[in-house]
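> First, the structure itself, so that you have it in front of you.
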Amino acid sequence: MKGPPHTVAAPRRGPVHGRYARLMLRSVILAASRSSRVERLVATAPFTRDVVRRFVAGAGTDDALRATRELVADGLAVTLDNLGEDTVTSDQANATRDEYLKLLRLLSAAGLTPAAEVSVKLSALGQKFDEQLAYDNARAICAAADGAGTTVTLDMEDHTTTDSTLDILAKLRKDYPSTGAVLQAYLRRTESDCRELAGPGSRVRLCKGAYKEPESVAYQSTGEVDKSYVRCLNILMSGDGYPMLATHDPRLIAIGEDRARWFDRSPDRFEFQMLYGIRPEEQARLVGEGYTMRTYVPYGDEWYGYLMRRLAERPANLAFFGRALISKK
Ligand SMILES: Cc1cc2nc3c(=O)[nH]c(=O)nc-3n(C[C@H](O)[C@H](O)[C@H](O)COP(=O)(O)OP(=O)(O)OC[C@H]3O[C@@H](n4cnc5c(N)ncnc54)[C@H](O)[C@@H]3O)c2cc1C
């Protein structure tokens with residue numbers, strides 16, 4: 001059988017910003033992300049409240065449940081992320097674990113599983129200073145999710161953590177085979193990781209990648225990242241696993257729909273994923289078309305770091321958040 005096309009046309013370019021301007025912008029945002037004075041300023045600005053309300057469900061577990069209830073009532077699936085990463089003490093890591101255990105109990109009691117699952121950052125569970133602790137905590141969350149009849153997906157962070165995260169994933173999958181992986185199309189290694197992880201039952205979220213990575217490990221241009229995304233999507237959609245296509249990019253969504261037809265994948269054998277507050281009308285359209293559409297819902301009081309780090313890691317996200325504020329499509 002002839003394979004699907006492996007390329008994607010070069011994207012139309014917006015206004016060209018110089019490399020220097022991008023670097024400046026990045027260092028300004030990074031400086032701001034470390035400044036408690038700027039945090040106070042940002043936290044009290046009226047514009048910020050709108051941004052936070054649009055992209056973060058709220059500070060508490062009850063906010064997470066409310067947002068989940070609303071999304072599930074609209075036919076969406078959900079994955080919940082308790083904000084916070086790079087914990088530096090075991091007390092913090094264990095507190096994050098306990099928050100997930102509580103969340104899973106409440107989701108199950110409210111009848112919101114399996115529609116809602118959880119997304120977990122291993123760095124929030126201690127990965128940076130004690131890998132065994134991160135594994136133990138992740139395992140406890142997987143056991144609770146299993147008891148609640150739902151699943152866990154391990155978010156992927158910067159490339160220095162990829163091997164450790166995939167190692168922990170492999171260990172978790174021995175007892176909890178539905179544990180989901182995330183692969184980032186901007187990493188040069190990802191096509192090979194997709195081949196490794198495209199086996200039966202393997203849940204794999206494919207995203208472009210949100211961190212600032214060096215050229216030695218990651219494609220730098222939009223066109224290269226998009227082409228890599230399509231190659232990876234082809235591997236996952238033609239494989240035996242369960243692909244989770246996480247993107248807001250209309251061209252990649254259209255290619256996902258096309259490959260589902262090409263590889264005869266019914267809507268229960270893959271899903272689309274997008275972030276809370278981004279392109280809600282497109283999310284509703286995909287639900288209307290009969291696809292599984294999962295919204296990634298962050299909650300917690302560490303929203304400042306979340307928003308600022310997203311901007312700093314990739315200043316293009318400034319436009320990403322800006323676009324989302326003026327567009328629901
Ligand atoms: C569910 C989910 C989970 C994720 N998990 C991870 C993770 O674990 N690790 C990680 O590194 N990254 C993760 N990401 C982030 C991801 O890597 C990207 O940084 C982010 O999704 C932006 O890439 P994009 O594919 O949406 O396309 P972009 O390149 O940001 O946008 C492409 C095109 O999409 C359209 N578009 C984008 N945003 C809007 C908007 N607001 N309104 C209208 N059109 C828009 C525009 O046409 C735009 O040109 C996740 C993303 C999602 C959706």
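Yeah, the Cβs are placed from backbone N, Cα and C, and that goes for glycine too.
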> Looking at FAD binding as recorded in TrEMBL, which candidate out of Gln132, Gln184, Gln220 goes with Met156, Lys208, Gly209, Ala210, Thr247, His248?
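My reading of TrEMBL gives Gln184 as the candidate in that site.
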> Check the binding-site residues Lys121, Met156, Thr247, His248 for any whose Cβ is under 6 angstroms from an atom of ligand 1, and report them in sequence order.
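Near ligand 1, sequence order: Met156, Thr247, His248.
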> In the predicted model, what is the mean pLDDT computed over the domain 'Proline dehydrogenase' (65-320)?
94
> Tell me the Cβ neighbour count for Lys208 (FAD binding site), meaning other Cβ atoms within 10 Å of its Cβ, over all protein chains shown.
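That number is 19.
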> For a quick check of packing: other C-beta atoms within 10 Å of the C-beta of Ala210 (FAD binding site), how many?
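Taking all protein chains shown, Ala210 (FAD binding site) has 18 Cβ neighbours within 10 Å.
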> Which ones in the same chain are close to Gln184 (FAD binding site), with CB under 8 Å and 6+ residues apart in sequence?
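In sequence order, the residues whose Cβ lies under 8 Å from that of Gln184 (FAD binding site) (at least 6 apart) are Met156, Thr190, Cys207, Lys208, Gly209, Ala210, Tyr211.
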> Validating a neighbour-count step here. Other CB atoms within 10 A of the CB of His248 (FAD binding site): how many?
18
> Tell me the Cβ contacts of Lys121 (substrate binding site) under 8 Å, same chain only and six or more apart in sequence, or just say none.
Asp81, Gly84, Glu85, Leu154, Asp155, Glu157
